[in-house]
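Quick paste of what Swiss-Prot says about this protein:
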{"type": "DISULFID", "residues": "CYS3-CYS17", "note": "disulfide bond"}
{"type": "DISULFID", "residues": "CYS5-CYS12", "note": "disulfide bond"}
{"type": "LIPID", "residues": "SER9", "note": "O-palmitoleoyl serine"}
{"type": "DISULFID", "residues": "CYS75-CYS106", "note": "disulfide bond"}
{"type": "DISULFID", "residues": "CYS91-CYS101", "note": "disulfide bond"}
{"type": "CARBOHYD", "residues": "ASN92", "note": "N-linked glycosylation site"}
{"type": "DISULFID", "residues": "CYS128-CYS129", "note": "disulfide bond"}
Amino acid sequence: QECKCHGLSGSCTFTTCWKKMPHFREVGDRLLERFNGAFKVMGGNDGKTIIPVGHNIKPPDKQDLIYSAESPDFCQANRKTGSPGTRGRVCNSTALDVGGCDLLCCGRGQREETVVVEENCLCRFHWCC
């Protein structure tokens, strides 16, 4: 929530307040935190309730993320899902996030390759002095 005062000479005769969205980065960080703590669940016999699977004792609350099926392994090619896998992809060796080699190469290691590209820049030299 953010507020602004109104009035003569800065006196706060009345205040206007409004709800404000958090910064995009903050929203992403919250989602990642919830994703990393997501609960695996299965449906109850009554068809309405969910039951946590595994060693989780506390049932998930309304703000927790839940899932019922494991995600496929995107590291390996899978014809059934149409996933080409990550083998042979270009990665960033210095990045620690999604495009980084540690995550993208799935622990297989990577091969570094330096590519030199020569291009004709159509530059011209002008003698000035």
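Placed from the backbone N, Cα and C atoms, the Cβ positions cover glycine too.
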Give me the long-range Cβ neighbours of SER9 (O-palmitoleoyl serine): same chain, 6+ apart, Cβ under 8 Å, in sequence order.
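Listed in sequence order: nothing, so none.
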Check the disulfide-bonded residues CYS5, CYS12, CYS101, CYS106 for other C-beta atoms within 10 angstroms of each C-beta and report the one with the most.
CYS101
Around CYS128 (disulfide bond), how many other C-beta atoms are within 10 angstroms of its C-beta?
4
Give the number of CB atoms, excluding that of CYS3 (disulfide bond) itself, located within 10 Å of its CB.
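Within a 10 Å radius of the Cβ of CYS3 (disulfide bond) lie 9 other Cβ atoms.
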